[in-house]
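As recorded in TrEMBL:
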TRANSMEM  A:24-51  transmembrane segment
DOMAIN    A:70-277  domain 'ABC transmembrane type-1'
TRANSMEM  A:72-95  transmembrane segment
TRANSMEM  A:115-139  transmembrane segment
TRANSMEM  A:146-166  transmembrane segment
TRANSMEM  A:250-272  transmembrane segment
Amino acid sequence: MSDASLAKPARFRPATEEAPVARWAMIAAAFLGLGILVFAPLIAVFVEALARGVAASLASLATRDAQEAIKLTLTIAAISVPLNAIFGVAAAWFITKFDFRGKAFLITLIDLPFSVSPVVAGLCIVLMFGANSAIGGWLVAQGYPIVFAMPGIILATMFVTFPFVARELIPVMIEQGRAEEEAALTLGASGWRTFWTVTIPNIRWALLYGVLLCNARAMGEFGAVAVVSGKIRGQTATMPTTIEMLYQEYLSVAAFSLAAVLALLALVTLLLKTALEIRHADQLAATHRH
Amino acid sequence: MQIEIDEISKQFGTTAALHPVSLSLPSGALVALLGPSGSGKTTLLRILGGLEFPTSGRVMFDGQDATGLSVQDRRAGFVFQSYALFRHMTVFDNIAYGLNARPRASRPTKAEIARRVSKLLELIQLPDIGARYPSQLSGGQRQRVALARALAIEPRMLLLDEPFGALDAKVRKELRQGLRDIHDTTGLTTVFVTHDQEEAMELADLVVVMSMGRIEQIGKPQDIRARPATPFVREFITA
């Protein structure tokens, strides 16, 4: 070997690393995609909301209709998300910890809300519980209407957001297997105690993530809710349906101000998740094996 | 504790994991269930521990019928194949789990639990690891913690599923002696499952050779070596 070749060693690069040009092209493409699809619309919402100044925007949010819409949406989320978290955990637990016939069918069934259009789901609820149906008619007679009222909106929201928690949990629980639960049982713990001290702590991050996704979707659901709620202002109009109505009436500041609040609520949930992840980073590292 | 297995069989759907097998384990013995995968040895161990229930037959502990006894009431210290330590708990909390799970009336005080855990950590010769998480331990350490956790409930017997399966050869040799020592100190009837004939022969007082859901031979290691009962046993122990 001559000195020249020693002085100028060939540049090797790991097999999995691309050439710099390809790398930068891909990074740029990713940012461009993100920018066009995510950041630009988000910024546009806030720009439109503040187009006539902060005062006008705040005034539109202070109207009774806007206040009621925000209240209704938060109430719907506060009721449907915990219920779906419970159903999701139960479904995932049942599917992953037991062997039974028809398991594959049940997993498909859980995914059904993802494949069915929310509008169709809303129509199904109207058919089932509307004033013209047997159940709905009876309930209306008792003074508990489902459709065009809060219960219908909750049902529609729960239907659409049902898969989120279960879908997050099933792969995690399959990967973890049943050995830790069995160990707890052999140590004398009851099934209930095993569930709270072993199963839940092992799935808490997946559960949290599922709940946050479920929450974001529950607050944002439009199609199914639009069908069942009747969009009565100040009563059954949620934030998304109110935004649409305001926009149709060319009240763009009001529409975009409410949209900005909805976007902010989603951002807050994301920030909450990130903060929790940072705070519990050591625990995450200790408990996550993948 | 003396264990009697009386005509136990186990069906999974249409496949028979265990044909009726009978077996008597003397109190305080160190027993190996030896066989290739699919021989039914793990199923038999899980039936002893109450994690599976037999399709037919009876299990007797000290002459008492224990067939329907729940897993919690068996008081069997069970060490799982990949140890199944609670990954979100420290070593201390793992070992204390069984004591904390007791009903309030029979639960030891906090100080008593701490004392027992540190005693167990000394028994497994890892006195300083109480604050660590399972992911921060080596394979051999995990196995010993799993053993301590099983011993914490003051079990009536010790059941181990491939306790050395996931370890490298050197650690395996050391831990064999560790298990022998713990067995001799506690005097517990101990049953372990293995597919390694050398391990079974070296460690156990009594070896049960199994194949395809049947018991091929029961005997002391030297007897099995000297007089294999069936062609399968001869082939398996020389492999």
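Using the three backbone atoms N, Cα and C, a Cβ is placed for every residue, glycine included.
Taking Cβ pairs closer than 8 Å, the transmembrane segment (A:24-51) reaches residues 18, 57, 252-253, 256-257, 259-260, 263 in its own chain, all 6 or more past its ends. Long-range contacts of the transmembrane segment (A:250-272) within its own chain (CB-CB distance under 8 A, at least 6 residues past either end) are made by residues 42, 45-46, 48-49, 51-52, 56-58, 60-61, 63, 66, 69-70, 73, 212, 215-216, 219-220, 239-240, 242-244. Residues 145-147, 151-152, 155-156, 159-160, 221-228 of the same chain lie 6 or more positions beyond the ends of the transmembrane segment (A:115-139) yet place their CB under 8 Å from a CB of it.
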